[in-house]
Amino acid sequence: MQYKKPLVVSALAATSLAAYAPKDPWSTLTPSATYKGGITDYSSSFGIAIEAVATSASSVASSKAKRAASQIGDGQVQAATTTAAVSKKSTAAAVSQITDGQVQAAKSTAAAVSQITDGQVQAAKSTAAAVSQITDGQVQAAKSTAAAVSQITDGQVQAAKSTAAAASQISDGQVQATTSTKAAASQITDGQIQASKTTSGASQVSDGQVQATAEVKDANDPVDVVSCNNNSTLSMSLSKGILTDRKGRIGSIVANRQFQFDGPPPQAGAIYAAGWSITPEGNLALGDQDTFYQCLSGDFYNLYDKHIGSQCHEVYLQAIDLIDC
């Protein structure tokens, strides 16, 4: 895959040609290739949930409960590690962001990616929920939700280690799993929790076989999962291929290949700050690449666009609509 380089000449090193310097137009820091059918403008804010590439092929029959990425204060995005859920995916929780804008993944129950204060995106480690049993003995699994990635205060995005919802059993001994939903769950007057925009359930033909209907995605809105929104959830906007978080910071791949939010402008040395899209499958893409890497850092996973070490695993960043719960 070939990439565009900014029109600057640096005396430091040849590799600096692919990095951002403060005087450069950062919006040109984009891969040369684009994702076929990718959407570069999305009408509403959204989060991301972490989905391991190795397990995505089997997610139709047995999906994960996902937790959305969170964001801590520095802008890092974090994501939790997730376990596979018994039922088809339904509502998703978001990634969080920390204060410095970094995007990280924490060890989670299938929760959303968070963002810490510095803008990094991180994901947390997860746990699995136990199977329940109702009075007739049947075992059932509740509709799974995906938690959003969180963001800490520095802008990093992190994901926590996630838990998977367990199958339940009702009183007659049967083990059952419910269908998943895209929309947020509502509660009616008798106390039951219901979810709208459900995917079609499995049907049974005359010979007794159970078949599942293929899911059809809307080409104009490929995002088919929702998650509860909170203060640490990484909430992003996509316009003309540029990602911004709720503080207006720019989603970029920085010099160490980490995905985080800074600025504007992005931090010096940033490699990419544009060229983002949502794929027809509902995943976040950069250029023509829709896979990223979560790499363990203490209790959280930082997110990168390249494999940087032995503690890294290939993942999809699934786009999720965020709702108030």
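Using N, Cα and C of the backbone, Cβ positions are placed for all residues, glycine too.
According to Swiss-Prot, the repeat 'PIR1/2/3 3' annotation covers 110-127. The repeat 'PIR1/2/3 4' feature in Swiss-Prot is assigned to 128-145. Per Swiss-Prot, repeat 'PIR1/2/3 6' is recorded for 164-181, and the stated evidence type is experimental evidence. Annotated signal peptide per Swiss-Prot: 1-18, in sequence order. Taken from Swiss-Prot, the feature site 'Covalent attachment to cell wall glycan' covers Gln76, Gln102, Gln120, Gln138, Gln156, Gln174, Gln192, Gln209.
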Gln156 (site 'Covalent attachment to cell wall glycan') and Gln76 (site 'Covalent attachment to cell wall glycan'), Cα-Cα, nearest whole angstrom: 0
Rounded mean pLDDT for the residues that make up the repeat 'PIR1/2/3 6' (164-181): 42
Alpha-carbon spacing, Gln156 (site 'Covalent attachment to cell wall glycan') to Gln120 (site 'Covalent attachment to cell wall glycan'), which is rounded to whole Å: 0
For the recorded sites Gln120, Gln156, the one whose C-beta sees the most other C-beta atoms within 10 angstroms: Gln156
